[in-house]
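**Q** Just lifted these from Swiss-Prot, have a look:
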MOTIF     21-31  motif ''HIGH' region'
BINDING   C137, C140, C162, H165  Zn(2+) binding site
MOTIF     313-317  motif ''KMSKS' region'
BINDING   K316  ATP binding site
Amino acid sequence: MAATGTEKQGAKAYYVSTPIYYVNDAPHLGHAYTTVAGDVLTRWHRQRGEKVWYLTGTDEHGQKIMRTAEANGVTPQAWADKLVTESWKPLWEHLDIANDDFIRTTQKRHTDRVQEFVQDLYDKGEIYKGGYEGPYCVGCEEYKLPGELLDGEGEYAGQKLCPIHKKPVEILSEENYFFKLSEYSEKLLAHYEANPGFVQPESARNEVVNFVRQGLQDLSISRSTFDWGVPVPWDDKHVIYVWVDALLNYATAVGYNENPEKFESTFPADVHLVGKDILRFHAIIWPAMLMAQGLPLPGKIAANGWLMVGGEKMSKSNLTGIKPQDLTTHFGVDAYRWYFLRAIAFGQDGSFSWEDFSARYTSELANDYGNLASRVAAMVGKYFGGELPAATADGDAEQAIHDGLTKAVAEADRKIGEELDFQGGILAVFDFVKQVNGYITEQEPWKVAKDDSPEGKARLATILYTAAEALRAVAVLLNPIMPDTSQKLWDSLGAEPSLGALADQHVQDAADWGRLPAGATVTKGAVLFPRLEEKPAA
């Protein structure tokens, strides 16, 4: 579902991607965390008036999916179709994800272009045939270096384990085709040096730089021990390595070798959002592939941390995954979208707890934000019959609100729009919400209302206009994060008849004071954040 909003035409799109997710099981909170972050980022840029392209999708080839399908008694394609149709796409719709495209690596628009890309590298001499033997993790779909492996304990005693999946690796020996990745070490290091923000956060950048400095090995880009994948075009006994196949979705989805106009106006991505466990594929292999093909590199690779449950990474393979619907049923979709970006600094690991979510929901959403909206609408209804009065008695207190809004808009726009500091941007807006609450507490409009003098009436009108106009700006700033409740607030303020659709309001202009006209019809709608029910039994 694409979000609405006016966009600049003709310019290159601000292009953001999530990883394409494995369809070996249904999505969990970790997948939704990255996808919501990308949705907020692209909605924010769309509300800057920019042309935007947001891509997500599913990775449907490889040994892991083949084995999962076999275990469920179906073909890999049937398994992928079932998961995409019943789990992945419905969840993104449920979470109000406004992606512009959903690519599947089994689609012909992808597989044909993957073969063309790899054939071109082969023709250029970038790919050669060789043999390889080494420890292989099926979960990662990757050969591991011996030094990366963990010593097994308990049921895995005496075996070597993948450091990510904590499962035994398999020793594979096969004849493969190799990409000359080792020849790109210096070029990659030069790019990291010239573009210090290419990999974020800094800890991720340091990991990548240190890994490349140790020297890169050539990359095995084909497999011959199974057949669920894209065939190597010049040797159908091999299928293309699933990660080479998967990474190319960022090009094939926007018209590589098929729609030059679309490709030139979209590629490369401005931001690839990835989990830190797949950082090396995106920050090393992907740019090297693009260099080999003479294509431009992405703007930045932003690695988010892991969501932890009981001290372990949340994942499908260790069964710590929690369904997002378990939370949205209780807290609502908008609160869900807000919580993880508010509670966890993007790029760092973070722990989820039901208790923390409940506490933040009650304190920040219900008490601070929702209660402010409810109080202001109620007072405009009580004292002015629901018609927003004009402000004619501005003073220092109102100027402080104007200044606070200017600061909040600039800070939120910089932090979310440029730095991907979603937590910092959300805090900037909610600090302003607290400032407006403090303003109402200090100005005591319920007491001012008892003064029937012209001065008293003007003062009351000014207080309530100031609060309502502040909420107008808050609705604009929070729309990329909580679109449903922001629309409810926009409707409550009676803003649309004079200002137009909420999606068309530019975030960078939200501090322009006085946009909400006197005379707007303010109504007290439904409570934005209802009181929570008791936590359901486990």
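Just so you know, glycine gets a Cβ as well, placed from its N, Cα and C.
Please go over these features one by one and say how buried each is and what sits next to it.
**A** For the motif ''HIGH' region' (21-31), the model gives a mean pLDDT of 90.
With a 10 A radius on its CB, H165 (Zn(2+) binding site) counts 17 other CB atoms from all the protein chains.
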**Q** Can you check which residues sit near C162 (Zn(2+) binding site), meaning Cβ under 8 Å from its Cβ, same chain, 6 or more apart in sequence, and list them in order?
**A** C137, G139, C140, K144, L149, L150, P168, V169
**Q** According to DSSP, which of helix, strand or coil covers H165 (Zn(2+) binding site)?
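**A** Assignment for H165 (Zn(2+) binding site) reads coil.
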**Q** Counting Cβ atoms within 10 Å across all protein chains shown, which of the binding-site residues C137, C140 comes out on top?
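**A** Comparing the binding-site residues C137, C140, the most crowded Cβ belongs to C137.
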**Q** Going by DSSP, is C140 (Zn(2+) binding site) sitting in a helix, a strand, or coil?
**A** coil
**Q** So around the Zn(2+) site, C137, C140, C162, H165 aside, which residues have their CB within 8 A of the centroid of those CB atoms?
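**A** What remains near the Cβ centre is V138, G139, E142, K144, P163, I164, K167, V169.
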